[in-house]
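K.L.:
Found this in TrEMBL, in case it helps:
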TRANSMEM  21-40  transmembrane segment
TRANSMEM  52-74  transmembrane segment
TRANSMEM  81-99  transmembrane segment
TRANSMEM  105-126  transmembrane segment
TRANSMEM  138-159  transmembrane segment
TRANSMEM  214-235  transmembrane segment
TRANSMEM  298-318  transmembrane segment
TRANSMEM  340-358  transmembrane segment
TRANSMEM  370-389  transmembrane segment
TRANSMEM  395-417  transmembrane segment
TRANSMEM  429-451  transmembrane segment
TRANSMEM  457-480  transmembrane segment
REGION    488-510  region 'Disordered'
Amino acid sequence: MWWDERVSARFRRNLQPTLTYWSVFFSFGLCIAFLGPTLLDLRCQTQSSLSQITWVFFSQQFCLLLGSCLGGVFKRTLAQSLFALFASSLAISLVFAIIPLCHNVVVLAVVMAVAGLAMGCIDTISNMQLVKIYQKDSAIFLQALHFFVGFGALLSPLIADPFLSDTNCILSNSTANASSNLPHIRKSLVPHHPGNLSHYDLPMKGMVVTRVSYAFWIMALINLPVPIAVFFLLYKERMVPCFNSSSHPLLSADELAMETRPTEKDDLSTTVQRPHAAGGHDDLFSCCQSKNFRGASYTYFAVHITGALVLFMTDGIVGEYSGFVYSYAVEEPLSVVHKVAGYLPSLFWAFITLGRLISIPVSYRMKPATMVFINVVGVLLTFLLLLIFSYSVVFLFVGTASLGLFLSSTFPSMLAYTEDILQYKGCATTVLVTGAGIGEMVLQLLVGSIIHDQGSYSFLVCGMIFGGLAFIFYAFLLFFHRMYPKPSSDMDEASPDKPAVMDDTGQYQR
């Protein structure tokens, strides 16, 4: 194997929980990408206008952010985390099954809000659990985790595509005139920003003809094994109420003999509780309590803030670029035909997924700080070249692929790097997940308004500014890392086995 035996042994010991968290993140990706291509069919199903249906986008994104903030509430114990993941992944399957039954746009918005809350909980809890299990070895597993969200985000539009309406799915007298514009409208819809589409007169009354329900039911069935996998993990750990009468052996006797020495068994409980005693991995509201600030240096806050600001910018770029690259391409000066421009968002997400796959082995050989530096510099240079060659359609495709690669591993690398700085005692995971979610929502709304007022060229200018700010905030993070007080045990870190004995047991912690 391309990693060392210590990491491989730890992965084997935690195989089932690791695969479960990866599968739950696949469920997250499946739910995050289906709304864009299916929104016109959902508009027909609910017989609503374009401006009304885009509120469904907003309800999902806002509640995703809220769920990310609240996800840490369920991190008090392992049982709470797993029950929250079980409920969230099951809720996503139920949402897919219920969506075809929603014939009112308000009801649909409420259902998507529930999906957003579930996705936010999944985002926070899965990242936190992997960080807690693997700690200094978490970078490679976080890269794999975020590969699965990319894979799910690629799969759901492919499932939906055969069932999308080729003509207007509300039959009326104006159907013929509106149908020719459907591909353009479908690619241009972004959260709460119909933009220049308001002049298209799509019928709101008439006979509804759509087959998109089949796509949602297929996705519900594909997602169903995920809550089942979480339930099996609960069953294995004997946390299901009917099977919780006996003790919970986390590892077999042989694995315990390999991992711990006989003299360390008495200290196991204190070792497991150490991250909680240090006040780490709480929800956002617990992180803000004054008791967590006592004795903390200013660099403690600075690391949290600058790390969140980097992801605010980079995840914001992901949201605004995937949302508006089509609209930019079809406008002057490029004037790409609609069908060709429609490949750009798919190309962007494909290279994000490919980049996350490549980052899995790379992250084992390269430090997270180095990967983040390469990412933010690559994003900045890509936008610079996109501005220089703004009249080249070929380079727009090349730049889109390059941007996807550089943005792909930024979040997991930044999360691993920041947790390393704070020695897994701060609130980095919660703060970074929340910062990324706010950035994705806010920057998309901001860029949509700027493009509407200033024209399509401002799309690249905004990306260049956001990339530059991400680089500046990362430089500040490096500075505060140098200023952050190091633990006394750092003198002994030359031994590769030292952290496994002193810092954590490498076991699946409760």
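Even glycines carry a Cβ here, placed using N, Cα and C.
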K.L.:
Counting CB pairs under 8 Å, which listed stretch among 81-99, 105-126, 214-235, 298-318 touches the transmembrane segment (21-40) the most?
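P.N.:
Highest pair count goes to 214-235.
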K.L.:
With pairs closer than 6 in sequence left out, are the transmembrane segment (81-99) and the transmembrane segment (429-451) joined by 3 or more CB pairs under 8 Å?
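P.N.:
The answer is no, given that the two segments have fewer than 3 Cβ pairs within the 8 Å cut-off.
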K.L.:
Which one of these stretches, 81-99, 105-126, 370-389, has the most C-beta pairs shorter than 8 Å to the transmembrane segment (457-480)?
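P.N.:
Against the transmembrane segment (457-480), the leading stretch is 370-389.
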K.L.:
Should anything in the same chain at least six residues away from the transmembrane segment (105-126) have a Cβ under 8 Å from its Cβ atoms, list it; otherwise answer none.
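P.N.:
Result: 21, 24-25, 27-28, 31-32, 35, 42, 45-46, 48, 52-53, 55-56, 59-72, 74-75, 81, 84-85, 87-89, 91-92, 95, 98-99, 145, 429-430, 433, 437.
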K.L.:
Take the C-beta pairs under 8 A between the transmembrane segment (81-99) and each of 138-159, 214-235, 298-318, 340-358, 395-417. Which stretch has the highest count?
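P.N.:
Checked against 138-159, 214-235, 298-318, 340-358, 395-417; highest Cβ contact count belongs to 214-235.
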K.L.:
Quick test of the contact rule: Cβ under 8 Å, at least six residues beyond the ends. What residues does that give for the transmembrane segment (395-417)?
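P.N.:
Same-chain residues near the transmembrane segment (395-417) but 6 or more away: 127, 131, 138-139, 142-143, 145-146, 150, 307, 310-311, 314-315, 317-318, 321, 325, 329, 334, 336, 343-344, 347-356, 358-359, 362-363, 367-369, 371-372, 374-376, 378-379, 382-383, 385-386, 389, 428-429, 432, 436.
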K.L.:
Does the chain bring the transmembrane segment (138-159) near the transmembrane segment (370-389), so that three or more CB pairs sit under 8 Å (pairs 6 or more apart in sequence)?
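P.N.:
Judged by the Cβ rule, the two regions do not touch, with the required three close pairs absent.
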K.L.:
Given a Cβ distance threshold of under 8 angstroms, which distant residues of the chain, six or more beyond its ends, lie next to the transmembrane segment (298-318)?
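P.N.:
Contacts of the transmembrane segment (298-318) (Cβ under 8 Å, skipping residues fewer than 6 from its ends): 352, 372, 375-376, 379, 403, 407, 410-411, 414, 417-418, 421-422, 426-428, 431-432, 434-440, 442-444, 463, 466-467, 469-470, 473-474, 476-477, 480-481, 483-485.
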K.L.:
Against which stretches of its own chain does the transmembrane segment (340-358) lie, if we need a Cβ under 8 Å and a gap of at least six residues from its ends?
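P.N.:
33, 143-144, 146-147, 150-151, 153-154, 157, 183, 187, 318, 321-322, 325-326, 329-330, 396-397, 400-409, 412.
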